[in-house]
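Below you'll find the structure, written out as structure tokens, and then a few comments.
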Amino acid sequence: MKFMLSKAPKTKKIALVAHDHMKPVLSRWCKKHHDNLKHQELFATGTTANVIAHETGLKVEPLLSGPLGGDQQIGARIAQQQLDVLIFFWDPLESMPHDPDVKALLRIAAVWNIPVACNPSSADYLLTSPMLTEQYEYRVPDYEAYQQSRE
Ligand SMILES: O=C(CO)COP(=O)(O)O
């Protein structure tokens, strides 16, 4: 696989996702970082978006609910380089009927090399990084070279 450099803008597009038992945790985390998050563009799976918007007043664009395809929508946006950061508080103590979608989302975030935080501590580190508010250059798969190599 060949790679190339891509640039994440100064204002980041951040996806927020939480499984049901983790929604209160994500909501608390969003309140803690409200002043920072209000300057970013926020997206979330359906129920997570409703909870965050209602409990924090932050503007969040809702996608579909996770089990109905929301994780896949977020994955598609990551693959199209339309999202810069993934905050995904998945529940390590519950099994999910849409576990394949959860795995696929984490996999595609790794493929496209975007920062991922899966718990509040790592999300604290990520959101307070100076890189969050700077343009950030990072390595992504070179899709054109990949296509040419398959002709
Ligand atoms: O299930 C989810 C992520 O896998 C989250 O979906 P909701 O935000 O719709 O609950």
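Each residue, glycine too, has its Cβ placed from N, Cα and C.
Listed in TrEMBL:
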| type | residues | note |
| --- | --- | --- |
| ACT_SITE | Asp71 | active site, proton donor/acceptor |
| BINDING | His19, Lys23, Thr45, Gly46, Thr47, Thr48, Ser65, Gly66, His98 | substrate binding site |
| DOMAIN | 6-151 | domain 'MGS-like' |
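Fewest other C-beta atoms within 10 Å: among the binding-site residues Thr45, Thr47, Ser65, that description fits Ser65. All protein chains shown were included, and the count of other CB atoms within 10 Å of the CB of His19 (substrate binding site) stands at 21.
Residues near His98 (substrate binding site) in space but far in sequence (CB under 8 A, at least 6 apart, same chain), listed by position: Gly66, Pro67, Asp71. As a summary of secondary structure, the domain 'MGS-like' (6-151) carries 73 helix, 29 strand, 44 coil according to DSSP. Excluding His19, Lys23, Thr45, Gly46, Thr47, Thr48, Ser65, Gly66, His98, which define the substrate site, the same chain contributes Val17, Ala18, Asp20, Ala44, Pro67, Gly70 within 8 Å (Cβ to the Cβ centroid), listed in sequence order. Counting Cβ atoms from all protein chains shown, the residue listed as 'active site, proton donor/acceptor' has 28 others lying within 10 Å of its own Cβ.
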